[in-house]
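Peer 1: One structure is given below, represented as structure tokens, and several questions about it will come after.
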Amino acid sequence: MRYLTSGESHGPQLTAIIEGLPAGMPLVDSDINEELSRRQKGHGRGRRMQIEKDTVNITSGVRHGYTLGSPVCLAVENNDWKHWTKIMGAEPLNEDELAEMKRVISRPRPGHADLNGALKYGHRDMRNVLERSSARETTVRVAAGSVAKKLLSLLGIKITSHVREIGGISADIKEYPPIDEMMKISEASPVRCLDENAGQKMMNLIDEAKQNGDSIGGIVEVIVEGMPPGVGSYVHYDRKLDAKLASAIVSINAFKGVEFGIGFQAARKPGSEVHDEIAWNETDGYYRKSNNLGGFEGGMTTGMPIVVRGVMKPIPTLYKPLQSVDIETKEPFTASIERSDSCAVPAAAVVAEHAVAWELASALMSQFYADRFETLLETVEMQRTYAREF
Ligand code: EPS
């Protein structure tokens, strides 16, 4: 399976085209819209989220509630487009119109794609960069991921996300609640935090950052239950599934790092305290007595829950901007101010969930390839039985 996205933040629409889905999989627009609205929530979002109410238009590949096996096109309109038709339109502008358009950006924001993107593509107006590098694009990554999530859920695989840390405040989680419970608690929290007390402190810190014209980052965690063991491969570097997940996480706007299970702590412990002992029983087959490795050994799923975390840096658009240089005059200036969010970590958790869902569904489709969804259901079930009895 593969997908492409297109669209600028203030252009007419965002689009994802998914290719390689099996035919006969149930899919309706509410499967996608519910996920889109989860991404729009979260304490710390800016005014743009009041303008947008993201909903999908499925324009191909689905008929009467089932996939056809042909490419699925998902389109999400930008409501804000109506204010940007001239500035972002595809039609050429004459000299006067160009001069009138006082929105040319020549002062790159430190930490953003502005300067590198402008020099790479030769853009003197950095709007040409920021419109596409904007995290608005994650809307359609979630749309594509929600189709993958639907495929996983029909195979009995559950996935959720929550926020572990914002601006240095950590959730105190002694033991994970069952996954359905975890979904409910994180959904009810404005910062997707499982620890109510820490969640309140996170919100206060976000408000403080906003007042100071600053931004804050954090750590999100995605948890998956029900993946059959043996998905991915150890035989070649580009078939390792944990590596694909790591790439998907770091590709999310503003993400700088990734960890599985106990992650970087593994460097500080002896092997006897890191590796998960193996056991077997009739109902579950092989399982691990702990899950320090977060569901992966040798680039393959172990059948234990997948636990993957991503670290998000603070958003680089600051209302109290940092020093930069004007690319026209080469003079020092403070960076340009753009409307933005003071913290988007809760929304980023939802994005990470969908990035992970995509990689898992795609790995299942390449390992248990099926043209018909029914066949996929059967082969994944066969793998579970085989692994249990192995
Ligand atoms: C973003 C800037 C803001 C955010 C946007 C990401 O948009 P605007 O410039 O229109 O105010 O709200 O995020 C979204 C629009 C979204 O859907 O997540 C940026 O520069 O990355």
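Placement of Cβ uses the backbone N, Cα and C atoms for every residue, glycine included.
Automatic prediction, not curation, is the source of TrEMBL annotations.
Residues annotated as NADP(+) binding site in TrEMBL: Arg39, Arg45. Positions annotated as FMN binding site by TrEMBL: Arg132, Ser133, Ser134, Asn253, Ala254, Gly298, Lys313, Pro314, Ile315, Pro316, Thr317, Arg339.
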Peer 1: Please check the binding-site residues Arg39, Arg132, Ser134, Ala254, Lys313, Ile315 against ligand 1 and give me the ones with CB under 6 A, sequence order.
Peer 2: Ser134
Peer 1: For Arg39 (NADP(+) binding site), list the number of other Cβ atoms lying within 10 Å of its Cβ atom.
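Peer 2: Around Arg39 (NADP(+) binding site), other Cβ atoms within 10 Å: 26.
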Peer 1: Between the binding-site residues Ala254, Ile315, where is the Cβ count within 10 Å the lowest?
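Peer 2: Counting other Cβ atoms within 10 Å of each of the binding-site residues Ala254, Ile315 gives the minimum at Ala254.
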Peer 1: Non-local Cβ contacts of Arg45 (NADP(+) binding site) (under 8 Å, 6 or more apart, same chain)?
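Peer 2: Once residues fewer than 6 apart are set aside, Arg45 (NADP(+) binding site) is near Asp341, Ala344, Ala347.
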Peer 1: Whose Cβ, among the binding-site residues Arg132, Lys313, has more other Cβ atoms within 10 Å than any of the rest?
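Peer 2: Comparing the binding-site residues Arg132, Lys313, the most crowded Cβ belongs to Arg132.
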Peer 1: Is it possible to get the count of other C-beta atoms within 10 angstroms of the C-beta of Ser134 (FMN binding site)?
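Peer 2: So the number of other Cβ atoms within 10 Å of Ser134 (FMN binding site) is 20.
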Peer 1: Under a three-state reading of DSSP, tell me whether Arg39 (NADP(+) binding site) is helix, strand or coil.
Peer 2: helix
Peer 1: Take the Cβ of Thr317 (FMN binding site) and count every other Cβ within 10 Å, whichever protein chain it belongs to.
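Peer 2: Its Cβ shell of radius 10 Å holds 22 other Cβ atoms.
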